[in-house]
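Below you'll find the structure, written out as structure tokens, and then a few comments.
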Amino acid sequence: MNTLQKGFTLIELMIVIAIVGILAAVALPAYQDYTARAQVSEAILLAEGQKSAVTEYYLNHGEWPGNNTSAGVATSSEIKGKYVKSVEVKNGVVTAQMASSNVNNEIKGKKLSLWAKRQNGSVKWFCGQPVTRDKAKAANDDVTAAAAANGKKIDTKHLPSTCRDASDAS
């Protein structure tokens, strides 16, 4: 008796399921990194929106703005986005803090900074891990890595290549 088999055998189905599982295991971490980078890009975009106000304040007053109000921008809690809790200007350093909910777990509550230094009569901007500047006075361009930033730094793999400057960059 010759029977004609139609469809897939159990072994064939198990092999297909195993292949799909392996592909999902490889793709999921890459997707998580992609979503974190996309969320960090919102923080950079909001922080970069404050650069012109900080630069203008510096060029007009000869010192860095001490806070959001003196820079002429909205308060830190008013500058926010879907993934960004706040953007603060302090002594010319613009720091964005990620939100603590609806954000990739690897970047929850973490920070990044944009800061400027005088260079040949103009202002050059840098972007990277959180930094602080002690004083707003024009003679002080130095920034230091934020002391309380341990555990609050965004992993370098989630920062775009244009935002990986060290605090001692010049």
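Glycine residues also receive a Cβ, built from the backbone N, Cα and C atoms like all the rest.
Note that the structure is a prediction, hence the values are computed from the model and not measured.
Noted from Swiss-Prot: of S70, S77, S161, the annotation O-linked glycosylation site belongs to S70. Cβ neighbour count within 10 Å across all protein chains ranks S70 highest among the recorded positions S70, S100. You'll find the Cα of S70 (O-linked glycosylation site) roughly 26 Å from the Cα of C163 (disulfide bond). Taken residue by residue with DSSP, S70 (O-linked glycosylation site) is part of a helix.
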